[in-house]
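Asks: Below are the structure tokens for one structure; questions will follow.
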């Protein structure tokens, strides 16, 4: 599959002169503002045509800051949210938002070239992403970590994952020594981190010198109704936020690759639970140079039961909207002729 890699939010290079599909270029910027007609510059290189999209700098749509957690962007709410979602996760969420094709495409930047690589899958849940990792790496070299025992119970039932190390843990406070792993992978977990920067700082810490982190997560939608529900449910970062978090943590060679299911073509109106794969390389041994204060959320502190219930209820209602989005988009994909934006 053709890769679309960004070293920043504005520059997108397309191999082999292919036009982008489902990337938000058709009459829209990445964040919902209209773009003038784009120019394609072609330059021969070694006999092959290369294309580069030249677009004006875009203004960024507003969203709630990452420092203001959404209703399910709390560890306790996420714990109970997945207590119920784990029952149907592999059969409801994956078919619409996180398919095998998407997973394999998103894992490409992780550069899993050697079966002896030591890999940690943070927020691995039911092990769907881990199954993609062990296509390239021996299971005994893979560690799957998640805060949800209910999700991990599903992972432990999968025969191909029997030789993996499966443990409970916190993505923002990983239970591993510094300089432990060759690869760090996290898919569909950052949405629930109260402090995304801390989680990415931890990714840097546990990697060895030259190790690569690959974080797969959602993208902020452009359609106003989808933005509303996104800001109620969980964290949908903007592309430039991902890149900024990686660079602040100390990563080099930071790149962002856009991913999406086959039905998601045309303008990126509704956001995706899995919409981009961000990667970076650890440049120095030891901990991240970034200094942070206390954790944003202390799970040991008691919560107000009424406040918890209301946050959980509102967040779950908002999540239901994103269960309907792939159904709606799949129907449009069947009706609207191929090649036209939806």
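Placement of Cβ uses the backbone N, Cα and C atoms for every residue, glycine included.
Note that TrEMBL annotation is computational and uncurated.
Annotation source TrEMBL lists domain 'MPBQ/MBSQ family SAM-binding methyltransferase profile' at 70-279. What TrEMBL lists as region 'SAM motif I' is 119-128. Annotated region 'SAM motif II' per TrEMBL: 164-177, in sequence order. Taken from TrEMBL, the feature region 'SAM motif III' applies to 205-218. Here TrEMBL flags 308-331 as transmembrane segment.
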Asks: Residues sitting near the region 'SAM motif I' (119-128): Cβ under 8 Å, six or more positions beyond its termini, same chain?
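Replies: Sequence-distant neighbours of the region 'SAM motif I' (119-128): 82, 86, 89-90, 94, 98, 103, 110, 112, 137, 141-148, 151-152, 154-155, 158, 161, 164, 166, 169, 171, 174, 176, 180-190, 192, 199, 203, 206.
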Asks: Could you give me three numbers for the region 'SAM motif I' (119-128), the DSSP helix, strand and coil residue counts?
Replies: 1 helix, 4 strand, 5 coil
